[in-house]
Amino acid sequence: MAAGLGVKAAPFTYVAHALAVAAAVMVLVWCISFRGGLAFEADNKNLIFNVHPVLMLIGYIILGSEAIMIYKIFPKLNHDTTKLIHLILHAIAIVLGAVGIYCAFKFHNESGIANLYSLHSWLGIGTISLYGIQWIFGFVAFFYPGAAPHVRRGALPWHVLFGLFVYVLTLATAELGLLEKLTFLQSSGLDKYGAEAFLVNFTGLVVALFGAAVVVAAVAPAHVEEPEGYAPIPVN
């Protein structure tokens with residue numbers, strides 16, 4: 001669709017990067033200035049939880065988004081080099097996401113809170129599992145040992161489509177997480193119209209816009225001819 005409308009990827013990568021910086025700053029301001037800081041070990045267990053949204057947004061979503069857009073950010077770069085960067089960024093995103101999830105479990109366990117009772121937690125485990133499966137498939141099919149060329153050509157559109165599905169599911173999970181945490185805080189007395197509440201809500205809006213820009217950048221053509229073996233999803 002983006003290609004059919006004559007939309008190029010480059011402007012959306014610029015918008016995505018600006019929104020990524022904004023989202024990263026907002027989540028850091030929230031967790032450090034409003035929530036007291038970050039820690040892996042602390043008497044104040046909330047500091048352990050604060051690591052969770054920071055790593056999930058900056059480490060998991062933003063780095064994963066960079067991996068998705070890398071073919072459009074550097075369209076003239078050697079395809080094998082771009083593919084390696086794509087693979088490494090996704091791997092780092094998965095690791096940081098796993099650490100972020102660990103911090104949520106650690107906070108719950110040390111605070112006497114049950115685990116895996118909410119839709120956010122179910123989707124969180126589901127999405128990072130799908131993300132890992134997607135990464136393994138991509139590694140085996142497109143990197144090492146690598147499938148036959150005709151198999152790669154047939155698998156690529158599905159790899160891209162499934163990757164974007166997992167990405168959108170990840171964004172939805174993040175939005176649910178922000179909503180869930182803000183609801184808990186407001187039920188504990190946080191001002192519904194206070195600065196912190198507005199910051200969290202605006203963070204959610206920025207993340208949504210960021211995700212939209214990334215998806216458009218992923219499906220739109222680059223401003224130069226696509227490298228061999230990679231093209232935007234065809235839309236008939």
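Keep in mind that glycine also has a Cβ here, set from the backbone N, Cα and C atoms.
Pulled from Swiss-Prot:
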{"type": "BINDING", "residues": "H52, H120", "note": "heme b 1 binding site"}
{"type": "BINDING", "residues": "A67, I68, M69, I70, Y71, K72, I73, F74, P75", "note": "L-ascorbate binding site"}
{"type": "BINDING", "residues": "H86, H159", "note": "heme b 2 binding site"}
{"type": "BINDING", "residues": "L116, Y117, S118, L119, H120, S121, W122, L123, G124, I125", "note": "monodehydro-L-ascorbate radical binding site"}
{"type": "DOMAIN", "residues": "15-219", "note": "domain 'Cytochrome b561'"}
{"type": "TOPO_DOM", "residues": "1-11", "note": "topological domain 'Cytoplasmic'"}
{"type": "TOPO_DOM", "residues": "33-53", "note": "topological domain 'Extracellular'"}
{"type": "TOPO_DOM", "residues": "75-84", "note": "topological domain 'Cytoplasmic'"}
{"type": "TOPO_DOM", "residues": "106-122", "note": "topological domain 'Extracellular'"}
{"type": "TOPO_DOM", "residues": "144-153", "note": "topological domain 'Cytoplasmic'"}
{"type": "TOPO_DOM", "residues": "175-196", "note": "topological domain 'Extracellular'"}
{"type": "TOPO_DOM", "residues": "218-236", "note": "topological domain 'Cytoplasmic'"}
{"type": "TRANSMEM", "residues": "12-32", "note": "transmembrane segment"}
{"type": "TRANSMEM", "residues": "54-74", "note": "transmembrane segment"}
{"type": "TRANSMEM", "residues": "85-105", "note": "transmembrane segment"}
{"type": "TRANSMEM", "residues": "123-143", "note": "transmembrane segment"}
{"type": "TRANSMEM", "residues": "154-174", "note": "transmembrane segment"}
{"type": "TRANSMEM", "residues": "197-217", "note": "transmembrane segment"}
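Counting only the Cα atoms, the space from L116 (monodehydro-L-ascorbate radical binding site) to H52 (heme b 1 binding site) is about 15 angstrom.
Only residues 6 or more beyond the boundaries of the transmembrane segment (12-32), in the same chain, are considered here, and those with a CB under 8 A from a CB of the stretch are 38, 50-51, 53-54, 57-58, 62, 65-66, 69, 72-73, 196, 199-200, 202-203, 206-207, 209-210, 213-214, 216-217, 220. Below 8 A, the CB atoms of the transmembrane segment (154-174) and the transmembrane segment (85-105) form no more than two pairs separated by six or more positions in the chain, fewer than 3 in all. In the structure as shown, the Cβ atom of G124 (monodehydro-L-ascorbate radical binding site) sits within 10 Å of 25 other Cβ atoms.
In sequence order, L116 are the residues of the chain that are 6 or more apart from W122 (monodehydro-L-ascorbate radical binding site) and have a CB within less than 8 Å of its CB. Fewest Cβ neighbours within 10 Å among the binding-site residues A67, M69, I73, L116: that distinction goes to L116. Using a cut-off of 8 Å between Cβ atoms, the transmembrane segment (197-217) and the transmembrane segment (54-74) share at least three residue pairs, counting only pairs 6 or more apart in sequence. Using the Cβ center of A67, I68, M69, I70, Y71, K72, I73, F74, P75 for L-ascorbate, the list of other same-chain residues with Cβ within 8 Å runs, in sequence order, T13, E66, T82, H86, A217. Ranked by CA distance from H86 (heme b 2 binding site), the binding-site residues H52, A67, Y71, I73, G124 have A67 at the top as the closest.
It is 41 Å from the Cα atom of S118 (monodehydro-L-ascorbate radical binding site) to that of P75 (L-ascorbate binding site). Checked against H52 (heme b 1 binding site) by C-alpha proximity, the binding-site residues A67, M69, Y71, I73 yield A67 as the nearest. Annotation note: L116 (monodehydro-L-ascorbate radical binding site) sits in a coil segment as assigned by DSSP. Within the model, the topological domain 'Extracellular' (33-53) shows a mean pLDDT value of 98, rounded to a whole number. Using a Cβ-Cβ cut-off under 8 Å and counting only residues 6 or more beyond its ends in the same chain, the topological domain 'Extracellular' (106-122) has close neighbours at 40, 45-46, 48-49, 52, 173, 176-177, 180.
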